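Participant: Got a structure here, written out as structure tokens. Questions coming.
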Amino acid sequence: MTEEVIVIAKWDYTAQQDQELDIRKNERLWLLDDSKTWWRVRNAANRTGYVPSNYVERKNSLKKGSLVKNLKDTLGLGKTRRKPSARDASPTPSTDAEYPANGSGADRIYDLNIPAFVKFAYVAEREDELSLVKGSRVTVMEKCSDGWWRGSFNGQIGWFPSNYVLEEADEAAAEAPSFLSLRRGTALSNGQGARVLHVVQTLYPFSSVTEEELSFEKGETMEVIEKPENDPEWWKCKNARGQVGLVPKNYVVVLSDGPALHPAHTPQISYTGPSASGRFAGREWYYGNVTRHQAECALNERGVEGDFLIRDSESSPSDFSVSLKASGRNKHFKVQLVDSVYCIGQRRFHSMDELVEHYKKAPIFTSEHGEKLYLVRALQ
């Protein structure tokens with residue numbers, strides 16, 4: 001008979017998804033599946049669900065190797081097939097998954113265009129899945145209530161576990177501590193004597209996921225003191241309070257090289273207006289080669305909800321981005337130019353004008369709560 005494995009909760013955790021389980025510090029749990037970053041456990045009330053593996057520790061036995069692998073070796077089991085759900089009705093090839101499913105017909109939300117931050121790396125196991133790179137951004141195009149979302153990254157489209165990402169469009173998630181936040185602002189070291197590589201300003205709020213990471217609010221100025229070679233998507237920074245930790249580099253913009261200036265002398269952002277050169281020169285909504293940070297500043301300084309601008313993509317020279325003024329947080333949507341067709345999410349347009357006119361009448365963004373955003377007018 002296979003020995004039961006007991007794990008002890010190291011911290012409290014509140015479930016964020018239907019497939020997850022609330023746990024309390026020092027609670028005893030039975031380990032059912034440890035084959036993923038998230039472990040499936042059972043509590044004393046016989047409820048089962050997934051919890052972050054770094055929130056629990058083993059109490060007995062099987063400390064080496066995977067519990068699932070040991071069970072498979074013992075019982076000769078193969079892969080467990082996920083019960084059919086709405087995801088299997090996707091036009092893309094259906095697959096089996098080893099990730100939590102509700103076991104019943106799942107609801108789907110289509111035609112989304114929501115940016116999301118990748119919290120954990122994920123390697124696609126099937127042809128219709130999407131590999132995720134920690135610290136990168138993906139565009140969520142479709143949601144299925146079985147715990148899987150469909151999105152795009154670097155021109156690839158596929159399914160991935162929803163709790164591996166954090167929606168940037170979710171204002172509550174942006175303003176509250178992230179679901180894996182441990183101790184905010186935990187310092188790796190005091191950073192004394194470290195050479196300052198850059199001075200950066202944060203573009204968005206961020207809550208630490210691990211003890212090595214550094215939490216911050218939008219608009220903070222920090223010093224970059226190290227760029228780890230083994231984790232190029234993250235920079236080691238020191239904030240104004242002397243706390244040091246890792247931050248996602250695409251959450252900051254470089255203001256200058258070298259030591260920080262006095263806070264009262266933070267560089268000012270010059271006026272940003274429509275571009276007189278570039279693909280759409282002369283259009284009132286085309287701002288050309290401006291950064292996301294400059295677009296944010298312009299929208300915040302002069303815009304009202306619904307104002308928008310279109311700019312050249314920073315990551316792909318031939319593509320574009322739509323920046324939209326919204327309550328709480330501004331929204332940014334990537335527009336890919338493929339064979340003279342403008343693609344935003346799953347929709348395609350023959351011209352940028354057609355795209356703009358479409359999203360003046362149809363929502364460019366719809367939240368899970370029914371909030372709809374439109375392109376109202378070009379930023380003045």
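For all residues, glycine too, the Cβ spot is worked out from N, Cα and C.
The shown structure was predicted, so the numbers you read here are calculated from the model rather than taken from an experiment.
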Participant: What residue among TYR13, TYR110, TYR359 has an entry for phosphotyrosine in Swiss-Prot?
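Facilitator: Cross-referencing TYR13, TYR110, TYR359 with Swiss-Prot, phosphotyrosine lands on TYR110.
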Participant: Take the domain 'SH3 2' (111-170) and count its residues per DSSP category (helix H/G/I, strand E/B, coil), listing them in that order.
Facilitator: 3 helix, 31 strand, 26 coil
Participant: Just to be sure I understand, if DSSP states are collapsed into helix, strand and coil, how many residues of the domain 'SH2' (285-379) fall in each?
Facilitator: 21 helix, 35 strand, 39 coil
